[in-house]
Amino acid sequence: METVLDTTQTLIEVSAIIAIVAVAASVILLLYRAILGPTNPDRAVALDTIGINLMALAGLIAILLVTTKFNDVVLLIGILLFIGTVALAKFLEKGVIIERDVD
Amino acid sequence: MTRTNDIILRTTTTLIAFILLGFSAYLFFAGHNAPGGGFIGGLMTSAAIVLMYMAYGIKSMEKILPINFRHIIPVGLLIAALTGIGGLLFDQPFLTQTFAYFQLPVLGKTELATALLFDLGVYLAVVGVTMTIILTIANDRGEEEGV
């Protein structure tokens with residue numbers, strides 16, 4: 001029984017580390033897009049996706065550290081990401097983020 | 001220029017702002033035993049309000065939420081100061097906090113701490129400051145255009 005538990009623990013740790021490496025690689029590729037993206041919407045989409053990868057990283061690190069304290073952080077990053085992306089999109093399309101009178 | 005139609009943004013805003021306000025209340029009340037507290041709860045509440053402002057514009061939001069956020073800052077500071085003075089009433093040093101267990105109808109045995117009232121002051125001050133900063137900047141541009 002002990003050995004089975006040990007094996008599952010190491011399995012979870014190893015798979016979490018592999019997933020972290022994969023997510024980190026995707027963040028690097030997205031950084032390439034965010035820096036060299038020819039237009040501003042390209043950069044906005046790249047930053048949005050980097051944020052989603054950060055959510056994944058927070059979740060994976062919570063698995064690695066065996067804690068539940070990061071669960072709020074995942075939700076928080078998602079919410080702030082959504083608001084930031086909406087603000088960026090509004091700025092790119094209309095030039096103002098908070099309009100005086102919509103219609 | 002064709003008129004833009006924000007129906008997707010507005011429909012998701014009604015749902016997401018609701019979830020955001022619930023999450024901010026959760027963070028505010030969880031602050032005693034888990035990550036969270038007045039500061040991040042206040043920031044989440046103001047994020048929800050900013051999202052509604054982005055979706056509906058300043059004019060409609062002033063009808064929906066007729067609050068001058070500048071008045072919330074002194075209210076929060078007053079609550080925080082009064083919880084400190086409350087300690088003095090019981091011959092304790094300033095800002096002494098205490099807690100007790102109560103039998104509440106729905107929640108059962110609950111620990112109620114006076115630190116929650118202090119946190120409420122922090123919460124209101126953070127909401128007031130954040131919304132004042134954002135709305136002052138947003139209003140500034142509109143007045144310039146009007147001139």
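Cβ from N, Cα, C; glycine included.
Marked as transmembrane segment by TrEMBL: B:7-29, B:35-56, B:68-90, B:112-138. The domain 'Na+/H+ antiporter MnhB subunit-related protein' annotation in TrEMBL covers B:8-132.
Beyond the ends of the transmembrane segment (B:35-56), by six or more residues, the same chain brings 6, 9-10, 13, 16-17, 20-21, 23-29, 64-65, 118-127, 130-131, 134-135, 138 to within a C-beta distance below 8 angstroms of the stretch. Mapped onto DSSP helix, strand and coil, the domain 'Na+/H+ antiporter MnhB subunit-related protein' (B:8-132) counts 89 helix, 12 strand, 24 coil. Here the transmembrane segment (B:7-29) has long-range neighbours at 35-38, 40-42, 44-45, 47-49, 51-52, 54-56, 116, 119-120, 123, meaning same-chain residues at least 6 beyond its ends whose C-beta is under 8 angstroms from one of its own. Outside the transmembrane segment (B:112-138) by six or more residues, the chain places 28-29, 31-32, 37-39, 41-43, 45-46, 49-50, 53, 58, 69-73, 75-81, 83-84, 86, 95, 97-102 with a CB less than 8 A from a CB of the stretch.
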